[in-house]
Amino acid sequence: MKRVLVLLLALAFGHALERGRDYEKDKVCNELAMLGKEDFRSLSLILYSRKFSSSTFEQVNQLVKEVVSLTEECCAEGADPTCYDTRTSELSVKSCESDAPFPVHPGTPECCTKEGLERKLCMAALSHQPQEFPTYVEPTNDEICEAFRRDPKGFADQFLYEYSSNYGQAPLPLLVAYTKNYLSMVGSCCTSANPTVCFVKERLQMKHLSLLTTMSNRVCSQYAAYGKEKSRLSHLIKLAQKVPTANLENVLPLAEDFTEILSRCCESTSEDCMASELPEHTIKICQNLSKKNSKFEECCQENTPMNIFMCTYFMPAAEPLQLPAIKLPTGKDLCGQSTTQAMDQYTFELSRRTQVPEVFLSKVLEPTLKTLRECCDTQDSVACFSTQSPLLKRQLTSFIEKGQEMCADYSENTFTEYKKKLAERLRTKTPNTSPAELKDMVEKHSDFASKCCSINSPPLYCSSQIDAEMIDTLQS
């Protein structure tokens, strides 16, 4: 698997280019020889589908064709020594044409102002934001087999593109393993005497790998969006909201452990990284929290580590504790050696008192604490804290109240009941609104809530939506 990943990274015209053209060419040619054309092509399709997840199948497929063609030509015995450099340069030039058939990216025009190796490296760094709302829907068994029998290769290509573009944040080895097993299942079952029985049996055997791949995509998407430190605080917020009766000492090690797992596994070349790390993490979850919360205790009775992890991951926030209001960290807290500890303590204490979803808290806490920390570097830090703390406290309170209003009634009701209550609230708030306008308002608000008012809401999408909804609060 590691050898496969070397190939895929080289195909992206990335790190190998910095080591020299001969090094890059030798790597790619060795991998083509080892894998053969079809596996080389399939793996290229997976890579570019996940890299350019917003592109069409035709755009990705065209790029793959170009890459495979130039690799075949330039790795052939007796090929011109300059072939690889010439063809990759031609590809980067073609990518800059207005009618280029390749994936479109807003950063392409800037790359096209550069020349030679600099342009190739710039192009290699381009990628689309991950798909935070996967749209892939598996066809029925009959539809699968009909498409497979009609065009086995076309079916495989379309599946690799759709699955990889939807779940592209899953670690690459997992993505490769799952798609390979899935296509093997289709090939076996669509040619068997009893496809239905075959599919049931095969899917049961693949269940763990399927869950591991989709769950890894979820958690790695957030990690990619937030980065390591913000991911750590995000997991701390979620755990504090799920188990507000726990202590910081119970939840902080779990947040840090999970963040370390993601930092190791999301870009790992090992297929076993997530498979071995997550079970160990679930043991720690159960050791730390099963006695602190009845829902965690129930989750820890599940029969597999993956089921335990999923149970705890999707667990909603508990009712926040009714505790005295918490004060913002002071200069003494933030300007000494225990800055991180003070911020963790404040994040934990605020989260266990607050029902607003994590995406809201993560968004408002970062600038709030950053502004306070900056007071430490001013000439008169005491005066800075005295001025900034009351202002930041008002902004923080206003932001949280607005977030609670936007997500009111969502988590404790069915979606239908929520929409009824939402309509009543909006009707009371805007009594002169026409029925058609009210309907539009309900649809807009409920769409936002369905995407951004749960504990695992996607950060990139929701951050921009919160900006749009709360612009006055954010600027005040």
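From the backbone N, Cα and C atoms, a Cβ is placed for every residue, glycine too.
The signal peptide annotation in Swiss-Prot covers 1-16.
The domain 'Albumin 1' annotation in Swiss-Prot covers 17-208.
For CYS75 (disulfide bond), the same-chain residues that are 6 or more apart in sequence and have a Cβ closer than 8 Å to its Cβ are LYS25, VAL28, CYS29, LEU32, ALA33, TYR84. Reduced to three states, the DSSP call for CYS75 (disulfide bond) is helix. The annotation disulfide bond is assigned in Swiss-Prot to CYS29-CYS75 (among others) on the grounds of sequence analysis.
For CYS74-CYS83 (among others), the entry in Swiss-Prot reads disulfide bond, with the evidence type sequence analysis. Taking the Cβ of CYS83 (disulfide bond) as centre and 10 Å as the limit, one finds 15 other Cβ atoms among all the protein chains shown. According to DSSP, CYS83 (disulfide bond) sits within a helical segment.
The feature disulfide bond is assigned by Swiss-Prot to CYS96-CYS112 (among others), with sequence analysis given as support. Non-local contacts of CYS96 (disulfide bond) by the CB criterion (under 8 A, 6+ apart in sequence, same chain) comprise THR108, CYS111, CYS112.
Listed in sequence order, the residues of the same chain lying 6 or more apart from CYS122 (disulfide bond) and placing their CB within less than 8 Å of its CB are GLY107, GLU110, CYS111, LYS114. Residues or ranges marked as disulfide bond by Swiss-Prot on the basis of sequence analysis: CYS111-CYS122 (among others).
Counting only same-chain residues six or more apart in sequence, the Cβ atoms lying under 8 angstroms from the Cβ of CYS145 (disulfide bond) belong to VAL186, CYS189, CYS190, PRO195. DSSP assigns CYS145 (disulfide bond) to a helical segment in the three-state reduction. Per Swiss-Prot, disulfide bond is recorded for CYS145-CYS190 (among others), and the stated evidence type is sequence analysis.
Annotation comment: Swiss-Prot describes 209-394 as domain 'Albumin 2', evidence class sequence analysis.
Taking all protein chains in view, 21 other C-beta atoms sit within 10 angstroms of the C-beta of CYS266 (disulfide bond). What Swiss-Prot lists as disulfide bond is CYS220-CYS266 (among others).
According to Swiss-Prot, the feature disulfide bond maps to CYS265-CYS273 (among others). DSSP assigns CYS273 (disulfide bond) to a helix in the three-state reduction. CYS273 (disulfide bond) is surrounded by 19 other CB atoms, counting those within 10 A of its CB over all protein chains shown.
Among the features that Swiss-Prot reports, disulfide bond is placed at CYS286-CYS300 (among others), with the record citing sequence analysis. Of all Cβ atoms in the protein chains displayed, 18 besides its own lie within 10 Å of the Cβ of CYS300 (disulfide bond).
Annotation comment: Swiss-Prot describes ASN288 as N-linked glycosylation site, evidence class experimental evidence. All protein chains considered, the CB of ASN288 (N-linked glycosylation site) has 21 other CB atoms within 10 Å.
Secondary structure at CYS299 (disulfide bond), as computed by DSSP, is helix. Listed in sequence order, CYS286, SER290, ILE308, CYS311, THR312, MET315 are the same-chain residues at least 6 apart in sequence whose CB falls under 8 Å from the CB of CYS299 (disulfide bond). Among the features that Swiss-Prot reports, disulfide bond is placed at CYS299-CYS311 (among others).
Positions annotated as disulfide bond by Swiss-Prot, on the basis of sequence analysis: CYS335-CYS376 (among others). Proximity of CYS376 (disulfide bond) to non-local residues of its own chain (separation of 6 or more, Cβ distance below 8 Å) is seen for GLY331, LEU334, CYS335, given in sequence order.
The disulfide bond annotation in Swiss-Prot covers CYS375-CYS384 (among others) and is backed by sequence analysis. On its own chain, CYS375 (disulfide bond) has GLY331, LEU334, CYS335, SER381, CYS384, PHE385, GLN388 as residues at least 6 apart in sequence with a Cβ closer than 8 Å to its own Cβ.
If you look up Swiss-Prot, you'll see 395-476 marked as domain 'Albumin 3', on the strength of sequence analysis. Mapped onto DSSP classes, the domain 'Albumin 3' (395-476) shows 61 helix, 0 strand, 21 coil.
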**Study point:** Alpha-carbon spacing, CYS407 (disulfide bond) to SER434 (phosphoserine), which is rounded to whole Å
**Key:** 23
Practice item. In whole Å, note down how far the CA of CYS74 (disulfide bond) lies from the CA of CYS266 (disulfide bond). Key: 33
Review point. In whole Å, how far is CYS220 (disulfide bond) from CYS453 (disulfide bond) when you measure between their Cα atoms?
Key: 20
Review point. Counting only residues 6+ apart in the same chain, whose Cβ is under 8 Å from the Cβ of CYS265 (disulfide bond)?
Key: PRO171, SER216, CYS220, CYS273, MET274, GLU277
Revision key, fill the gap. Rounded Cα distance, in Å, between SER434 (phosphoserine) and CYS74 (disulfide bond) is 67
Check your understanding: Looking at the recorded positions CYS74, CYS83, ASN288, which has the shortest Cα distance to CYS300 (disulfide bond)?
Key -> ASN288
